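Here's a structure for you.
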Amino acid sequence: MASNKKLLVLPGDGIGPEVVRETLRVVDWMAKKRSVSFDVQEGLVGGAAYDASGTPLTDETLADAVDADAVLFGAVGGPKYDDLPFEKKPERGLLRLRKEMDLFANLRPAMVFASMADNSSLKRDLVAGLDIMILRELTGGVYFCEPRGIEDLPGGGKRGFDTQAYSTPEIERIGRVAFDLARKRRNKVTSVEKANVMMSGVLWRQVMTDLHKREGEGLEYENMYADNCAMQLVRNPKQFDVIVTDNLFGDILSDCAAMLTGSLGMLPSASLGAEDPTTGRRHALYEPVHGSAPDIAGRGIANPIAELLSFAMLLRYSFDMGEDADLVEKAIDNVLSSGLRTADIMQEGKAKVSTGVMTDSILKELDKLVSG
Ligand SMILES: NC(=O)c1ccc[n+]([C@@H]2O[C@H](COP(=O)([O-])OP(=O)(O)OC[C@H]3O[C@@H](n4cnc5c(N)ncnc54)[C@H](O)[C@@H]3O)[C@@H](O)[C@H]2O)c1
Ligand SMILES: CC(C)[C@H](C(=O)O)[C@@H](O)C(=O)O
Ligand SMILES: [Mg+2]
């Protein structure tokens, strides 16, 4: 039984603190019922950090994140911060964490729970039992490449520009994660880019195809253009197992995949760094795919499931507590099957509950599951 796992909790803004608060109740439950002791420390990020210290991520919080065994993150951003200069925006705090912790592999699983097939944007048969993994490269591409900026044009007006670039080592390291994941799943990898339009896409396709030839034995492999992938995700999502793609396409395709599961409020994620070969340790941050949802913040109606499932991923990937992760997922599955729904996944014939009541029910279900 492991003990004293250092957990840094960064609730952030909007519904971030609301869903993190609920997740901390499950952390407490784990400590009481499963005899795991978490050393929980809380910090500020995003707009909350800007309000307190004039920056969306202080060096101290970054150091705490690097030092932690895992970071549990809520969400950042909101209209209050719209007019801040680019580098001060809440989202920059999250991006700096990802970059400085070298969290290059972002796992975004889209799973449809047994009772949720009718909640999907697609017809039930297309999504019942769906379980796909979008693997998003998280520390490269247009999110981070230089040069970028807005410049004046000689004849008046301005020009805004960004740079998209990927190197062979960046593509290979995310490709290897995709192959590892696929081997534990259904042995299929779809690599997604736009090699028909972008030079970085041309290299991505070459490197991934070669990597598959060298290291992908036993794996079914295909290349797909990103626009086609978006269409295929809503046409026939069950054709996919692992989708590996760049930072920007991964951002967009994962929001799209969220609606297959019923709501953005259902999609968790794990952002992982490379494993240190001597200590076996790796940096990791867990966060829902959704944002701070300013339109519903402060009303107690946010769906806590994406954050709770992110905590389950934390147990599985950072603490090797797969059984406990299964338990959390099973409790969520059972509560959804019992007909409870937060507003975002509400349907006729179901019972609408608040953020807090959804968590109350999941905790009760956890109690039931462990008492047999
Ligand atoms: N990881 C992050 O911190 C993160 C991710 C995405 C967006 N953002 C930021 O969040 C702010 C709002 O962005 P947005 O509105 O484009 O995206 P969003 O994900 O916050 O919200 C999109 C829609 O989904 C709904 N939604 C999201 N999560 C939900 C939940 N748990 N339960 C119920 N409904 C939920 C919202 O109410 C909204 O209608 C922006 O500042 C954006 O940059 C942050
Ligand atoms: C908030 C923003 C920087 C972030 C991203 O674009 O990566 C978000 O949309 C996400 O999906 O995690
Ligand atoms: Mg996003």
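Yeah, the Cβs are placed from backbone N, Cα and C, and that goes for glycine too.
TrEMBL feature annotations, pasted as is:
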DOMAIN    6-362  domain 'Isopropylmalate dehydrogenase-like'
BINDING   78-91, 291-303  NAD(+) binding site
BINDING   Arg98, Arg108, Arg136, Asp227  substrate binding site
SITE      Tyr143  site 'Important for catalysis'
SITE      Lys194  site 'Important for catalysis'
BINDING   Asp227, Asp251, Asp255  Mg(2+) binding site
If you count CB neighbours within 10 Å, which one among the recorded positions Phe86, Tyr143 has the smallest count?
Phe86
Taking DSSP three-state, what's Arg108 (substrate binding site) in: helix, strand or coil?
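Strand, per DSSP.
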Measuring Cα to Cα, tell me the gap between Gly78 (NAD(+) binding site) and Asp255 (Mg(2+) binding site) in whole angstrom.
18
When you tally the Cβ atoms that lie within 10 Å of each candidate's Cβ, which of the binding-site residues (Ala293, Ala297, Ile301) has the highest tally?
Ala293
Spatially speaking, which of the recorded positions Tyr143, Lys194, Asp227, Asp255 is closest to Phe86 (NAD(+) binding site)? Use C-alpha to C-alpha, please.
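Given the candidates Tyr143, Lys194, Asp227, Asp255, the nearest one is Tyr143.
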Select the closest residue to Asp251 (Mg(2+) binding site) from the following binding-site residues, measuring between CA atoms: Pro90, Arg98, Arg108, Ala293, Ala297.
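Answer for the nearest of the binding-site residues: Arg108.
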Taking ligand 1 as the reference and 6 angstroms as the Cβ limit (strictly under), which binding-site residues among Asp227, Ala293, Ile301 are close?
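Ala293, by Cβ distance under 6 Å.
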